[in-house]
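What TrEMBL says about this one:
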| type | residues | note |
| --- | --- | --- |
| TRANSMEM | 32-51 | transmembrane segment |
| TRANSMEM | 92-112 | transmembrane segment |
| TRANSMEM | 124-145 | transmembrane segment |
| TRANSMEM | 176-196 | transmembrane segment |
| TRANSMEM | 208-225 | transmembrane segment |
| TRANSMEM | 231-252 | transmembrane segment |
Amino acid sequence: MAKPDQDVRSRKSNPEARMELKEHLREFRDRLIKAAIATLIAAILSVIFLYQPFINAISQPLIEINEQQGRHATLNYSTIASPFDQLMRVGMYIGLVLASPVWLYQGLRYLLPALHAKEKKYLFGFLSGSLFAFACGVAISWWTLPGVVRALTMFTPSRAENIIAANDYIAFVVKFMFFFSLAFVIPVILVGINMLGLIRGKTVLKSWRWVVVLVAVIAAMTAPGTDIMMMFYLMAPLLAFFFIAIGICLINDKRRDRREAKLAKGMTEESIKTATSAEDLAAMGHFEKDEAKN
């Protein structure tokens, strides 16, 4: 065990807490193992407590189709091992979601020592905005899932049945919720790119018409039922996130322009002072030469 005076000497000799490559790899391995263990524990708990409620929830749209529309839609397990395979898949999906705070914490503990205060500020802002936007996307996609299932199964011909492979249905639900939620993170990514100076708010604003069309198509496909008002209810949060992102980009552009103009003005004044000093020195040199001649 290191003594206190040894720790003090170590901090003085290495004030920035620099680590060798081997130490970085060791820390990365340790944090990865901790996150993996947390995921395994969360997956086991999900299999025991959350698997059946999750299956009941995503099967509810099929039950409503059978009761309300008189069409037969059911989940099917094509092989003997399919139920067990589905149990493991769902447990891992839910386990990853439940353990995501641990992954995030371990990742931040690994990255933060290498970042400056300003970089940490940007990172926390980006992560907070992304998590909030993604959570909103998850909530809205879960709310619209029954309508999407009804809309897609309504094309089934009469006297036919929807016998859906259980693994395919679960994969569809997971992909739908993930990509729908990812659409809510795009505005946050735009703000992050703008903060890095790679794109300006005016450039993003020019494409607003295409964004509105794309959002309208997504809302029309995912809106439950045939009520057009539901489509507008879905469009509203997506468009709000996008235009809030544009506003943040424009504000950041103005702040950056003012800072650059102020810096340029300061550099100009400094160059003028430098030039004036040089002229004064030259004049003094000529004056001294004239005095020497006299």
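Even glycines carry a Cβ here, placed using N, Cα and C.
Long-range Cβ contacts of the transmembrane segment (231-252) within its own chain (Cβ-Cβ under 8 Å, at least 6 residues beyond either end) map to 133, 136, 140, 144, 183-184, 186-188, 190-191, 194-195, 199-202, 204-205, 208, 211-212, 215-216, 218-220, 222-223. Below 8 angstroms of C-beta separation, residues 122, 126, 129-130, 133-138, 140-142, 144-145, 148, 204, 218, 222, 237-238, 241-242, 244-246, 248-249, 252-253 of the same chain, each at least six residues beyond the ends of the transmembrane segment (176-196), sit close to that stretch. Beyond its flanks by at least six residues, the transmembrane segment (92-112) meets 27-28, 31-32, 34-35, 38-46, 50-51, 54, 120, 123, 127, 174 of its own chain at Cβ-Cβ distances under 8 Å.
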